[in-house]
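> As annotated in Swiss-Prot:
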type	residues	note
BINDING	34-41, 113-117, 168-171	GTP binding site
DOMAIN	25-239	domain 'tr-type G'
REGION	34-41	region 'G1'
REGION	92-96	region 'G2'
REGION	113-116	region 'G3'
REGION	168-171	region 'G4'
Amino acid sequence: MNTILAQQIANEGGVEAWMMAQQHKSLLRFLTCGSVDDGKSTLIGRLLHDTLQIYEDQLSSLHNDSKRHGTQGEKLDLALLVDGLQAEREQGITIDVAYRYFSTEKRKFIIADTPGHEQYTRNMATGASTCDLAILLIDARKGVLDQTRRHSFISTLLGIKHLVVAINKMDLVDYREETFARIREDYLTFAEQLPGDLDIRFVPLSALEGDNVAAQSANMRWYSGPTLLEVLETVDIQRAVDRQPMRFPVQYVNRPNLDFRGYAGTLASGSVKVGERIKVLPSGVESSVARIVTFDGDKEEACAGEAITLVLNDDIDISRGDLLLAANETLAPARHAAIDVVWMAEQPLAPGQSYDVKLAGKKTRARIEAIRYQIDINNLTQRDVESLPLNGIGLVEMTFDEPLALDIYQQNPVTGGLIFIDRLSNVTVGAGMVRELDERGATPPVEYSAFELELNALVRRHFPHWDARDLLGDKHGAA
């Protein structure tokens with residue numbers, strides 16, 4: 001058994017007490033990225049090893065694997081803890097996104113180890129989409145490379161505000177302070193071009209030797225800052241979704257019997273309370289919250305990130321893909337938008353093409369109208385292109401087949417992020433982040449026939465309990 005885990009359970013007074021303590025720890029999701037062979041997998045292996053998260057049988061297996069596939073001579077190849085695919089071990093690289101979990105006394109962590117090779121940039125974007133922080137590894141011998149810039153830009157494009165620049169392999173440059181200072185200055189010069197208000201920190205370390213990973217290095221006394229683990233344990237993650245208005249995408253209509261009808265999903269942003277008035281988009285019909293049902297029982301209030309089922313006081317038409325928000329909120333459905341796209345398919349993205357797009361449970365069709373520009377990752381300049389190639393990043397104008405309730409991605413990743421799906425193969429071919437909502441996206445006023453208006457008036461007069469909307473709105477009242 002993992003000795004540190006056994007000790008923690010004993011200190012907490014049993015398994016149940018330990019599990020309760022784990023539930024109240026904050027969770028940090030982070031990814032490691034950078035150029036190929038910068039030591040990302042080795043760093044994660046070092047974190048797991050030095051925080052005593054490796055079981056005895058895993059350690060024994062690691063000794064054997066290091067002899068067969070290792071790249072560190074007689075030393076343990078800690079990268080093998082993460083590189084699980086046979087092709088990864090044979091080539092000594094990371095191909096797929098590998099997820100690992102560990103915890104300390106202060107915090108819980110979920111790590112995404114992403115590929116460094118350019119042809120796997122799409123995998124890196126997938127790993128970054130759910131993370132709060134990015135560790136950008138830089139080989140102290142090579143400095144800032146193109147792939148470092150690419151991963152930095154993708155991370156910030158996907159809404160990550162906290163960047164930890166880990167300058168690795170300091171042991172191979174004799175732990176020289178001037179090397180660290182030069183790379184730090186080079187990266188800060190590049191970072192001036194990155195979008196958003198970023199929190200950037202620098203840590204010199206050696207993942208292979210363990211310097212400044214979980215313990216202070218005796219070889220770099222010139223560095224007085226925190227270790228990498230201390231940064232991860234103490235960084236204050238302010239999630240934008242906590243401060244945004246309530247958004248609840250319906251993922252599933254829960255109807256186990258005739259007496260229960262609920263709408264299941266994860267609260268994307270804001271909070272919702274029992275009794276609160278809500279509005280359904282795109283229909284615009286209003287109701288109020290009767291119950292908030294969870295696995296652990298009913299609640300009076302739910303916050304962003306919680307998986308809940310909402311029961312409403314009225315039987316109204318709601319289906320998968322609809323969006324619930326506060327009744328006093330205004331969110332005009334849009335048919336036109338400018339989307340930041342990370343393209344993931346061999347066939348380039350070009351104007352005139354149509355794809356299925358999926359947004360928070362809603363699936364519809366979209367047409368590519370124009371490509372405004374592609375980003376040159378080397379210098380973050382914009383260039384005109386006729387198509388967007390594999391791993392290309394650019395700003396694209398799109399038109400949806402139907403109006404969609406969208407937010408700007410930087411404000412709400414759930415209702416502002418979408419994926420492109422090939423209509424023939426059903427393969428995901430791209431990821432998109434809403435940058436702008438076109439003013440043409442507002443739904444135009446609907447012209448109703450005389451029959452529709454008369455029928456609406458009849459229903460409201462004789463069936464007021466149906467809560468039918470007045471089609472004439474303010475004009476009717478004024479008349």
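Glycine is treated like the rest: Cβ placed from N, Cα and C.
Bear in mind that the values here come from a model prediction, so they are computed numbers and not experimental data.
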> Taking every residue in the region 'G3' (113-116), what is their average pLDDT?
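When the pLDDT values over the region 'G3' (113-116) are averaged, the result is 68.
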> Give me the DSSP three-state residue breakdown of the region 'G1' (34-41), ordered helix, strand, coil.
2 helix, 1 strand, 5 coil
> Tally the residues of the region 'G4' (168-171) by DSSP class, grouping H, G and I as helix, E and B as strand, and everything else as coil.
2 helix, 1 strand, 1 coil
